[in-house]
Amino acid sequence: MDAVHLGEDLEDKDTAFTWVVKANNRAYHKQFREKGFLCWRQRKYKGNAIHTAKYNFFSFLPLNLFEQFHRTSNQYFLLIIILQSIPEISTIPWFTLFAPLVCLLVIRATRDLVDDIGRHRSDKIVNNRPCQILRGKSFLWRKWKNLCVGDVVCLSKDSIVPADMLLLASTEPSSLCYVETADIDGETNLKFRQALVVTHHELTSPKKMASFQGTVTCEEPNSRMHHFVGTLEWNSRKYPLDIGNLLLRGCKIRNTDTCYGLVIYAGLDTKIMKNCGKIHLKRTKLDLLMNRLVILIFMSLVVASLVLTLGFALMVKDFQGKHHYLFALHTWTAAMESFLIFWGFLILLSVMVPMAMFIIAEFIYLGNSFFINWDINMYYEPLDMPAKARSTSLNDQLGQVQYIFSDKTGTLTQNIMTFKKCCINGCIYDSDDEHGILRKRNPYAWNQFADGKLLFYNKELEYLVRGQQDAMVQEFWRLLAICHTVMVQEKDHQLLYQAASPDEEALVTAARNFGYVFLSRTQDTITLVELGEERVYQVLAMMDFNSVRKRMSVLVRNPEGSICLYTKGADTVILERLQKKGAVEETTEEVLASFAEQTLRTLCLAYKEVEEEEYKQWEPKHLEATLLLQNRAQALHQVYNKMEQNLQLLGATAIEDKLQDGVPETIKCLKKGNIKMWVLTGDKPETAVNIGFACKLLSQNMLILEDKDINRLLENYCRNESEQQRAFKVMTHQNMALIINGEFLDQLLLSLRKEPRALVQNAVVDEVPQEVGLSRMDFLQARRISQMWRTIGSSLTQSPSVTSKIQESPEVQRERAFVELASRCQAVICCRVTPKQKALVVALVKKYQQVVTLAIGDGANDVNMIKTADIGVGLAGQEGMQAVQNSDYVLAQFCYLQRLLLVHGRWSYMRVCKFLRYFFYKTVASMMAQIWFSMFSGFTAQPLYEGWFLALFNLLYSTLPVLYMGLFEQDLTAEKSLKMPELYMAGQKDELFNYSVFLQAIFHGALTSFINFYVPVLLSSDISKFGASSDYQSLGVLVALSGLLSITLEVILIIKYWTLLCVVSILLSLGSYVIMTSLTQSLWLYKISPKTFPFLFADYNVITQPANLLVIVLNVAVNTLPVLALRMILRAVKQRPKKKGKEKEEAEEEPSEEAEVGTTAKVLRRGIPTRRSSYAFSHREGYADLITQGTILRRSPGDISGDTILESPNPSEEDLPSSRKESIFSPRKISILARMKRQHRGQGSQEEVGTDAGSQTGKKPAPQRRDAQKPPASDGSATSPAVTSLQASSSDDQAFHSAPSEYTLASQSERLDVRTASLRTLPWKDPASPRPSLLQVPAKKHSHSSS
């Protein structure tokens, strides 16, 4: 059915058909095992339970520790702890670093555990969904996780398919089943699946289902969503299977009461789960940079320790020579002492990589996540859903995003189609009721068939319709009511339309509300109610949509006997088939251009009256084409094209595919922040492009390159890479966009594949030749592309290609060229892509661009993309919660992405960068004094500071201000951040924290420590003259106080967002130093443990000496004033060139850009239309054939005496009474058998068979000549509704029921004739004096035969 292969990973060799499924035989499948991990043997046929979580009870601890020790900092701390545990080299107790490391590991493990518990809960909800499984001879309610391969499952309307199943039967005619695949491929139009004829006829009861012993042999589980090949072996015969017989997990059953399937793939073997990908450990750019910095710092510390050790080795020899009497203290040799002192220095200097920094960073990440959760501006009241940060470790990366990959359906759009405007005979009719005032009064109250849901109302148009004076208006609405494949049913005395696409439903509903009501259809008739008059049209031919024709036509004979052709389709194909082009046609073209600018989806409507002689000449050719066994599609296309000529234009319709609120504004704002937007969708190109224009991703003056254009560009790229790279830079002056499809990606994404790729025969949906005009367009476009390259190439100087990339394979070169081209485009739209291709596109950009990527989607088809991107955002939409459960952040609307990135992302990035820079500065400023002190302590590892100062420095004395800065710092308010998205580019360029900023912080800290240490040392002899002590403890206190005040003053200078909390944090930090120092240097603690508290009154002695206070003030002033002056000078210098540079750029660059665009655009622009076609119609080919062949239509009860189909019960609880759990069956309406029965009964029984409430016409067996058959004469009994009571059968297949119906589609349980007694009394007729129904057509008047 789905013949299009969207570029899935097909294997190079023929797929091994080793997957054997036996129906109703669980024991057979349980015996097979396959090799797993090491010697573990696992089941080949998996259960249906899914596990998307990363950990389980046993794997959490080892796997989480393994992931955490991937961080270089954790490995470094573990090494230092091991060294500290050795007494000979330990300078500080081992537990002082061990306890913080354990704390850090527990915090991160708890965060990962909470995230994974959410995944476990999601899996539990999915696995516990109810479904009906065949047990014995009845269907019982069980959970999804109880499903096994080979089980027979019963599904009802609106239920989700629990596994990949072979469709066995359904309650629809010919066992059709309609599914919605929006959660898989993003397409909103319905698709149909059909069971095999043999299972359709044979499996008609639970007893027969239970005895079904068929064997399915097919390919192994794979990720190819649109490909399936297998065979069913049953009763010694084999039947071929394809994707049209398969119901995929995640599909939703639509317009089908009950269907039955055999489970082929279950659980993690299903195609959608194969496309979901694995959970990856996501690391931010800053996190990866920190890993490299830790290595750099560690190497620096090793070098510093070696230098200090060398100094110790030189000093120790001199010391031992001068002080030989202290030989008892030197138990080791000089070499051994040097070796030990090296490790002692390494431990002492290990505080240069502070553990506290990583612990505080976790709290900063957590706090910023809470701010996202608490943001009232990202709360969506209709769903009662706030934003949610499910991952707390990626906040800073939100401020560095450069590429956004977005789904379309449900992410950018609401998936709601509304009839917005129309143009009839050159006149535009807009809605007079934009604000919904008139709708409250129901302006269509005069029409009993009006559903009250139409948002469009135009008083003038209503007057013309009801006046019936304008023939063009009448034909316009008549066309919308006739030319479609919509089916109808009645429920609660209301007409319910069931359309294959939301577009068709919107058009037919609009016609219905304006009085042209589609009432019912048969295999070769369609019945309307036109302003109270019931009219039956004989359908002579239906010419279906396809992607090449881009139009649909219906050839009908009206009740007056004349033949009319009604056509609707794209303006590009309709306008060129018009009989004439006058003022009305020119006006309509202008209107279409206006509709396109408003990003409305348009269809052109045209018709013509066909002469009887012309039809008689055309009809045999049509019949001949329908009977061809080869090239039937091409022959039909030629026959259709011959009839669809010399049309008369009626007008155009404009349908709005509603976007989510604020989507265009959000995309525009993000683009100003240098964020590139790619749309990845499984929908058709026309629909995706139209949405691209609607959300302002594409513009009218944009050059759009498609697959063929891109292929030519990439071929030229590989010939002279250096030249083409400069050509790409020239092309950036062109406003370009790429539109590519899944087949192109299948040829492109080679190096990223994990499965081998096969030679795929490109089966096309519509195997018809290209239109002449289209092929000519391709030729012209090819010539322009080649001319463009000649023009660009001639303007560039020849240069040799880059030698460093000659080693690359052609596939890698092609991928790199594509990414280079796409990165210079304003927009990229990928259509008809599978979930796995979405993930591969993201991986491709990450591989060659090294940028931060964000993926946003709302369905299961987006899960793999969300997992692959650096940041995954799930929208809580209509397609389930799979995307939400696998995302890092949850939003309710796409427009909230603007605030998430530009406000929270930028703030988080700025805060973390400031935090890291300041923490490195303050650590070096305080701790590097140890190195300077070692030069005065004989290069021993003796600490300069009090031990408690070292322990509490990062815990209390300097923590609160830096924590405040990491949580609350703002350079701009949220409103200003949204108004100036250009500021976001700082994060993309890594401006706030990089190697340069890190080295500046280290240099600044080293300079501060140098001043703080050497100023007291140099002044010690001078201040001692004033009575100040200059001993070891006093020096340590002076340096410690100078360092603490210097770094506190530095944080005061760099904080821009001042609040009362900021002041409190600074005062608490300084106050904690005063309090804790008073305690640790108190007399009573000294008496308790002199070795633990040796600095008795050291701070008091220093502070009480005025000379020492002056030294501290001098240190702080020397550290602060020069730095402050330098920053002011640099700021003034940077601002002046910017202003002058902007003026020069505006004066110089604009003309050159215009000139360049002008010269190159002449080559690049497409030759055909200046007006953009906004045709976008989501319709699937094949429904017209189902209607004309009678496959989709239901038969009346009299036609199906013995053919039955089971219909399953629909209880909602597993513990229902056993009597309710018995299966209930309804008759199967089989069109083929019905025709056979009519043949058997003979022509004399036509009146008995054909009394379908007076609406149905008799038919001969051959459907190809349905137009040549005469309708039977109607009698008075034809006006009674065809309603019969339910009767049980006496056969073994118990509880069979016969449901009333006719040729109307009735996929609900109420299968009633649409024209029942309640609706036969039309709103314009007087019940007291009924007039004869127009369905009672005299045979002579309406017997139109072409034979």
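Numbers here mean position along the shown chain, with the first residue as 1.
Keep in mind that glycine also has a Cβ here, set from the backbone N, Cα and C atoms.
Taken from TrEMBL as is:
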DOMAIN    22-97  domain 'P-type ATPase N-terminal'
TRANSMEM  76-107  transmembrane segment
TRANSMEM  293-316  transmembrane segment
TRANSMEM  340-366  transmembrane segment
DOMAIN    884-1134  domain 'P-type ATPase C-terminal'
TRANSMEM  919-941  transmembrane segment
TRANSMEM  947-967  transmembrane segment
TRANSMEM  992-1015  transmembrane segment
TRANSMEM  1035-1055  transmembrane segment
TRANSMEM  1062-1086  transmembrane segment
TRANSMEM  1106-1130  transmembrane segment
REGION    1139-1158  region 'Disordered'
COMPBIAS  1146-1156  compositional bias 'Acidic residues'
REGION    1194-1347  region 'Disordered'
COMPBIAS  1242-1258  compositional bias 'Polar residues'
COMPBIAS  1276-1293  compositional bias 'Polar residues'
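Packing against the transmembrane segment (340-366) from elsewhere in the chain are residues 73, 76-77, 80, 83-84, 86, 88-92, 97, 100-101, 103-104, 107-108, 111, 294, 297-298, 301-302, 304-306, 308-309, 312, 332, 392-393, 395-396, 911-912, 915-916, 919, 923-924, 927-928, 930-931, 934, 939-941, 943, 950, 954-955, 959, 962-963, 966-967: each is 6 or more residues past its ends and has a CB under 8 Å from a CB in it. Pairs of Cβ atoms less than 8 Å apart link the transmembrane segment (1035-1055) most often to 947-967, out of 293-316, 947-967, 992-1015.
Through the fold, the transmembrane segment (992-1015) approaches residues 286, 289, 293, 909-910, 912-914, 916-918, 920-929, 932-933, 986, 1039, 1042-1043, 1046-1047, 1111, 1114-1115, 1118-1119, 1123 of its own chain, all at least 6 residues removed from its boundaries and within a Cβ separation under 8 Å. The stretch in 919-941, 1062-1086, 1106-1130 that contributes the largest number of Cβ pairs under 8 Å to the transmembrane segment (293-316) is 919-941. Only residues 6 or more beyond the boundaries of the transmembrane segment (947-967), in the same chain, are considered here, and those with a CB under 8 A from a CB of the stretch are 92, 96, 351, 354-357, 360-361, 363-364, 367-368, 911-912, 914-915, 918-919, 922-923, 926, 1036, 1040, 1044, 1047-1048, 1051-1052, 1054-1055, 1061-1062, 1065-1066, 1068-1070, 1072-1073, 1076-1077, 1080, 1092-1093.
Secondary structure of the domain 'P-type ATPase N-terminal' (22-97), assigned with DSSP and counted as helix (H, G, I), strand (E, B) and coil, comes to 30 helix, 7 strand, 39 coil. The average pLDDT for the domain 'P-type ATPase N-terminal' (22-97) in the predicted structure is 85.
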